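Quick look at what Swiss-Prot lists:
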TRANSMEM  48-68  transmembrane segment
TRANSMEM  85-105  transmembrane segment
TRANSMEM  123-140  transmembrane segment
TRANSMEM  145-165  transmembrane segment
TRANSMEM  186-206  transmembrane segment
TRANSMEM  223-243  transmembrane segment
TRANSMEM  277-297  transmembrane segment
TRANSMEM  320-340  transmembrane segment
TRANSMEM  349-369  transmembrane segment
TRANSMEM  379-399  transmembrane segment
TRANSMEM  414-434  transmembrane segment
TRANSMEM  440-460  transmembrane segment
Amino acid sequence: MEQQSNLEKDLSVSSFLDEKEKSGYKQSVRLVSNDPSASPAATHKPPFISAALMLLNNTILCISFTIVVPTSERFVQHLGGGNGLSGVIIGLPTITALVLLYPMLRFSTPKAAKGYTIYRRPYTMSCISCIIGHIMYALADKAKSVALILVSRIFTGVACTMFLYHKRYFTDKALISIKYRTSMGVVNSVMATLGLTAGPFIGGLMAKSSMKSQSDIWNEYTSGNWLMAFIWVGLFLFGFACFREVLSPQTDVKEEVVEEKHVINDVKQDTNSKLGFVGCLVIFVVAFSGFSAYFLLNAYQASVPIYTSMLYNYSSFQAGNFLSLAGIINVPLLLIFSYLTRYLTDRDIILLGCCLNIVCMVIHITIHYTGKEFVQPYFIIYTLVFFGSSIANSPSVSLLTKVLHPKYHLIGNVAVQISISLSDTVGAIFGGAFRSFSPVVFFAVCLILNVMSVLALLIIWKKLKVKLRLA
């Protein structure tokens, strides 16, 4: 009787869809039973230990990326470099990751894997390259070489290709069902926030604790990198022993997607579908929204040590605490928001984050012109910028996997990662060169980019609409 009931439900859905098709109302449909027990594809998840290692890798990689922020400007000056090099040092890893993105994709998807991604390969590569990078950075003072710092950050950039796989892992249809992609995307952002929070704090704390050291090996500029090298060794060994690879789908039952309207008018859900102009436009707009959000975050983050030094005479340790406290506040906010994502669509989340960034920029410009740039409002603005940028970027890949044909998921994923890598690099260089131009220029560029993102999202708003019906 139960099987007959499920069959009747499926037939009723099929009849409804046939009527719609006859009336000229086009839809993209994949059917599945309404019985949750009969539809494991609606709830399948990746191996717990592997997912935990991917999240932990994300956090520690963000620490490696930002641990130099509080001390980079002083370290460069200590070695005789110019002011602009501080931003280059911060942003160099992501541009390196962008250059190496295609080779890493080939490395992680060999022919023997039959189309599946071997996540262990980029995971292992990120650990090894970070170990080498941190050791080289820590030896730069001994060598009295700014060039060695740059080379060390290039090695860190090899590891930063892993940022692509953090997002891809939690949107891979072979590992995780569509039901969990948005929430796991937010959790991934929370872990990144923890790393972005801990990085400046650890960097400032290690600098303060070793400030009196006269050694060229272990001092305020290098101690944090020695610490991270040891942490990466531990993560490498743990991953080598425990990481579980999935090279086949966890279920043969497909996910259900019923759309009342075309998500992309010229993308048909069949094996012969083409991406088309609208599909390319959707990918571009979603990627650009991620670029504008992360450009703002990285520009602010790189400028905080400089700006607080100019306005409040902050030390590296104080600047690191400033950055870390903002991140600590954001962690519970993002956790709460991860619960609220069940009531919001992906496009709503992206738009909300971009609008919050615009409001923050308008307030900061107003405060700047009134001459009341006290530390408290500046801190609140940076905290909200952190939150807005994090939520604006968190569902980008998840959204593209819902509105694009599966054969184009990788293209969308790579496009988002390219935009983030560019924003990390350009934003960090822009913020690191804060002394070279007026604060008004800084605010204006950040504001214009986010306004453009909102306008672009509104233009294609209907194309981003998707209604999911999960078993």
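Every residue, even glycine, has its Cβ placed from backbone N, Cα and C.
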Counting only residues at least 6 beyond its ends, the same-chain positions whose CB falls under 8 A of a CB in the transmembrane segment (349-369) are 182, 286, 289, 292-293, 296, 341, 377-378, 381, 384-385, 387-396, 399, 439-440, 443, 446-447, 450-451, 453-454, 457-458
Can you work out whether the transmembrane segment (85-105) touches the transmembrane segment (414-434), with the criterion being 3+ CB pairs under 8 Å where the paired residues are 6 or more apart along the chain?
yes
Let me spell it out: take the transmembrane segment (123-140), skip the flanking residues so only those 6+ beyond its ends count, and list any with a Cβ under 8 Å from a Cβ in it.
53-54, 57, 60-61, 64, 68, 75, 79, 104, 107, 146, 148-149, 151-156, 158-162, 165, 217-218, 222-223, 225-226, 228-229, 232-233, 235-236, 239-240, 243
If you count Cβ pairs under 8 Å, which stretch among 145-165, 223-243, 277-297, 379-399, 440-460 touches the transmembrane segment (414-434) the most?
277-297
Cβ pairs under 8 Å between the transmembrane segment (48-68) and the transmembrane segment (440-460), at least three
no
I'm a bit unsure how to read this: which one of 145-165, 277-297, 379-399 has the highest number of Cβ pairs shorter than 8 Å with the transmembrane segment (186-206)?
379-399
